[in-house]
Amino acid sequence: MSKLRVAVLGAKGRIGSEAVRAVEAAEDLELVAALGRGDSLETLTDTGAQVVVELTTPASVMENLDFCVGHGIHAVVGTTGWTEDRLARLNTSLAASPATGVLIAPNFSIGAVLTMKFAEAAAPYFESVEVIELHHPKKVDAPSGTATRTAQLVAAARREAGSAPQPDATTTALDGARGADVDGVPVHAVRLRGLLAHQEVLLGGEGETLTIRHDSLHHSSFMPGILLGVRRVVDTPGLTFGLEHFLDLK
Ligand SMILES: NC(=O)C1=CN([C@@H]2O[C@H](COP(=O)(O)OP(=O)(O)OC[C@H]3O[C@@H](n4cnc5c(N)ncnc54)[C@H](O)[C@@H]3O)[C@@H](O)[C@H]2O)C=CC1
Ligand SMILES: O=C(O)C1=N[C@H](C(=O)O)C[C@H](O)C1
C-alpha cells in the first residue's frame, strides 16, 4: 500500500519539530515537506502533499489553510486562535472544496480530550466552575485553546441543564483578578518557567469540590493524536472540530 504523503508547517517549532520526527517514524506515512516561516507554500503542491499538519501561530494559520483547502490538501490543525469568524471563513473555503477534510484539535493529547469530556459531564452538577490553565512562558496566546474550548463545553452543558448563574459576590476587583470570561466561565492563565501544558477544572458545590487536572509533561503526549488525525482526516471531508470525533470514546 502506498504511504500517505504528509507535510508539516511550523516544522522548526516546539511541537512541529516533534511532529516531524513522529511522521518520519510512522511506517505508513512519508514526510514530503517540513516547512518553516518564509518557506514557499508551493512546496506543498510540488511535493504532492496529501495532508498538512499545521502547527504554526494564530497569525499564520488562516493563510496556510486558505492555500491547503484551495488546493484540495487535507489539514490537521493544532494551532490555536479559533474564533467564530475564522471558523466561518474556513467553512466558506471548504464549501468550495467539498472533498477536503480539516481537523482542528484544540488539544491532541488523550488526557486533555478526556478532561474536557469529564468537565462537560460534571458541570451541571456543581454551582461553580472555573478553569485554570498553566503553560510555558513562550506561549503567545492566552487563554489556551484547550481552556477556551473547555469553558465553552462547560457553559453549553450548563445552559442545556438550565443551571443557575454561578454565585460570585465580587463587586470590586483589579482588572484580570477574576480571569477572562469565556461564555460565563472564569478562565485563569498562568505562565511559568518549567511548565509545559497543564489544566485544572475546579467545580464547587455545597460542602464539596471536584478538581479535574491534566498535565502534558512532554510534546510526545500530542503525537498519537496528530498521527490519528492524519490517518482519519483523509476520509473525513469538511470541518471536524475536536479530536474526540476521531476517538471511540464511550
Ligand atoms: N493542539 C495541540 O495539542 C497543541 C497545540 N499547540 C499550538 O501549536 C502552535 C505552535 O506551538 P509551538 O510549537 O509551541 O510554537 P513555536 O513558536 O515553537 O512554533 C511555531 C513555529 O511556526 C513557525 N511559523 C510561523 N509562521 C509560519 C508560516 N507561515 N509557515 C511555516 N511556519 C511558520 C515559527 O517560525 C515557529 O517555528 C500554537 O498555536 C500552540 O498553541 C501546541 C501544542 C499542542
Ligand atoms: O502552546 C502550547 O504549548 C499548547 N497549546 C494548545 C492550547 O493552547 O490549548 C494545546 C496545549 O495546551 C499546548
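Just so you know, glycine gets a Cβ as well, placed from its N, Cα and C.
Quantities reported herein were computed from a predicted structural model and do not represent experimental measurements.
These come from TrEMBL:
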DOMAIN    5-108  domain 'Dihydrodipicolinate reductase N-terminal'
BINDING   G10, A11, K12, G13, R14, I15, G78, T79, T80, A105, P106, N107, F108  NAD(+) binding site
DOMAIN    111-247  domain 'Dihydrodipicolinate reductase C-terminal'
ACT_SITE  H135  active site, proton donor/acceptor
BINDING   H136, G145, T146  (S)-2,3,4,5-tetrahydrodipicolinate binding site
ACT_SITE  K139  active site, proton donor
Cβ contacts within 10 Å for F108 (NAD(+) binding site), all chains included, total 26
Students should find that the Cα atoms of H135 (active site, proton donor/acceptor) and G145 ((S)-2,3,4,5-tetrahydrodipicolinate binding site) sit apart, in Å rounded to an integer, by 12
Restricting the comparison to the recorded positions H136, K139, G145, which residue's C-alpha is spatially nearest the C-alpha of G78 (NAD(+) binding site)? G145
Given G10, G78, T80, K139, G145, T146 as the recorded positions, which ones have a Cβ positioned under 6 Å from some atom of ligand 2? T80, K139, G145, T146
Measure from the Cα of K12 (NAD(+) binding site) to the Cα of every one of the recorded positions H136, K139, G145, T146, then give the nearest. K139
How does the domain 'Dihydrodipicolinate reductase N-terminal' (5-108) divide up by DSSP, counting helix, then strand, then coil residues? 39 helix, 24 strand, 41 coil
(S)-2,3,4,5-tetrahydrodipicolinate site, defined by H136, G145, T146: further same-chain residues with Cβ within 8 Å of the Cβ centre: T80, P106, N107, E133, H135, K139, D141, S144, A147, A197, Q199
Expected list for ligand 1 (Cβ under 6 angstroms, recorded positions R14, G78, F108, H135, T146) reads R14, G78, F108
In sequence order, the binding-site residues (G10, R14, T80, P106) whose C-alpha falls within 10 A of T146 ((S)-2,3,4,5-tetrahydrodipicolinate binding site): T80, P106
Ten-angstrom check, please: count other Cβ atoms within 10 Å of the Cβ of the residue listed as 'active site, proton donor', all chains counted. 16
Most Cβ neighbours within 10 Å: which of the binding-site residues T80, T146 is it? T146
Select the closest residue to T80 (NAD(+) binding site) from the following recorded positions, measuring between CA atoms: H136, K139, G145. G145
Comparing local Cβ density (other Cβ atoms within 10 Å) for the recorded positions K12, R14, H135 points to H135
Least crowded of the binding-site residues G78, G145, counting other Cβ atoms within 10 Å of each Cβ, is G145
